[in-house]
Amino acid sequence: MCFLCDIQTARNQLTPLDERPQCLLEEVVNVLTHLFGIFYAIFIFKMFRRYAQKHNLNKMNNVAILCFCLASFTLYFNSTTYHLLNILLPNSICLRYFFQRLDHITIYIMISGCYLCFIFTRTFAKGYFKTGCLAIFIVIALALTGFIFTIFAPPTTRTDVIMYLAMGWSCVLYGPLVFYFCPLSLVFYLFTGGISYAIGTVFVAWDQLFFNHGIWHLIVWFANFQHSLGVLIAIDDEDIKGFKQPWSVMKELFVEYISVSVKNNDSNNHPSIQREE
C-alpha cells in the first residue's frame, strides 16, 4: 500500500475513492475535459510569454506568468492522470487513491499559483516588497494547511470542498493588501472567476448528478479562463484597461499564435522555399 493509504488505515479512516463510482462514459468526459485544460495551460503560457517579450515586461511579470500557467498545468495534468487511471486500472485501488489525494492537493497548488501571480504583479512589480512578502507568507501557510489536511484528514467530499472554498475566498481577509493596487477590471475578473469556482463546488458535492464531475471540470476551465483575462490586465495594466480589452487582446494573441504556428509548419514542410527566399 502507498504511504497515504498506510496513514489512513492506521487511523481507521480509509474510505478509498469516497466519490461515487463513475461510469466509463463519465470518466471519458472527465479525462477529455481536463486534457483540453492541459493544452490550454500550455497555450496561454506561450501566448503570455510572447506578449511579455513583445512589450518588454519586467522579470516579476514573467515570474507571475510562470506561476499561473504552471499551477494550471499541474492541476489539469494530475486530474487527467487520475481519471485516466480510473479507466485503465480500475482495480488498482491504492494507486488510484494516491492520485486522488494528489489530484485534491493540486487544487491548493492551483489556488496558490493564481494568488502568487497577482501578488507578484501588483506588489513586487510595483515596488511594495514588504506587502508582497506578507501576502506570500499567508498564501503558503494556507496551502500547507490544505496539504496536511488532504493527507491526514478523512477523505470526504464535503470537507474537501469547505477547505477549497476557505482558501479560495481567504482573499477577503488579506485582499486589501493586494486589491489596493488593482484596477477595477482586474478585481472584477478575479471575483467572477472565484464565483465560478464556488458554483462549481456545488456540482462536486452533488454526487448523484450524472456527469457532475465533468460539469465541475468545465466550470474549472471557465474560471481559469476568467483569471487568464485578469492576468493580462495584471501584467500590463497601462496598455490593457477596461473590461472588454482583455478579450480583444486574447483574441489577437490567439490569431497571432495560430498564424505563426502555420507559418513555421509550412517552413518545416518546405525548407527549399525558405532557402530560396
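Using the three backbone atoms N, Cα and C, a Cβ is placed for every residue, glycine included.
Features reported for this protein in TrEMBL:
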| type | residues | note |
| --- | --- | --- |
| BINDING | His83, His213, His217 | Zn(2+) binding site |
| TRANSMEM | 28-48 | transmembrane segment |
| TRANSMEM | 60-85 | transmembrane segment |
| TRANSMEM | 105-125 | transmembrane segment |
| TRANSMEM | 132-155 | transmembrane segment |
| TRANSMEM | 161-179 | transmembrane segment |
| TRANSMEM | 186-206 | transmembrane segment |
| TRANSMEM | 218-235 | transmembrane segment |
Of His83, His213, His217, the binding-site residues given in the record, which has the fewest other CB atoms within 10 A of its CB?
His213
Near the Zn(2+) site, what residues other than His83, His213, His217 in the same chain have a C-beta no further than 8 Å from the centroid of the listed C-beta atoms?
Gln22, Glu26, Glu27, Val29, Asn30, Val31, Thr33, His34, Ser79, Gly214, Trp216
Look up His217 (Zn(2+) binding site) in the DSSP assignment and reduce it to helix, strand or coil.
helix
